[in-house]
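Novice: Shown below is the structure under consideration.
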């Protein structure tokens with residue numbers, strides 16, 4: 001079985017902008033996320049069978065979607081998983097509706113979902129013990145144009161996210 005999740009894809013240009021900002025604005029981070037791993041999670045699926053994977057892929061054509069615009073200008077901190085993240089200034093209703101559609105799709109496929117309040121974010125560092133001081137703010141507009149199905153692969157060198165399939169919004 002594969003560990004999979006659906007996410008909004010961050011363009012290479014924006015991935016590089018985030019990585020450069022993190023390096024300069026928060027140089028104290030011990031475990032920054034690899035540039036290639038930046039994404040905005042819509043639905044974490046966990047380990048699923050190939051059959052369930054195909055069911056979910058076939059259901060994607062039924063999603064009502066539109067391009068999502070977010071401005072990232074602040075950081076946040078999830079204490080329990082020790083994660084530092086970028087958070088958007090505002091979250092458009094279109095993103096919440098997209099997440100609701102994914103939740104329904106996942107439940108209909110017989111999987112469970114995380115019932116915590118959805119907080120859109122881009123993880124920028126792990127193993128963070130407290131909210132760090134930021135040398136200067138970020139003001140990055142990202143236009144999300146694609147949904148991606150990623151596979152999460154853990155190894156001794158860290159986690160890597162492999163793009164399996166992509167769909168335009």
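Note that Cβ sites are derived from N, Cα and C of the backbone, with glycine treated the same way.
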Novice: Which one of 35-38, 39-42, 43-46 shows up in TrEMBL as motif 'HXTX 1'?
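Specialist: The range carrying the motif 'HXTX 1' annotation in TrEMBL is 39-42.
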Novice: State the Cα to Cα distance, in Å, between residue 121 (active site, proton acceptor) and residue 39 (active site, proton donor), rounded to an integer.
Specialist: 8
Novice: Far apart in sequence but close in space: which same-chain residues, 6 or more away, have a Cβ under 8 Å from residue 39 (active site, proton donor)?
Specialist: 7, 8, 9, 10, 122, 148, 150, 161
Novice: In the motif 'HXTX 2' (121-124), how many residues does DSSP assign to helix, to strand and to coil?
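Specialist: Counting residues by DSSP class gives 0 helix, 3 strand, 1 coil.
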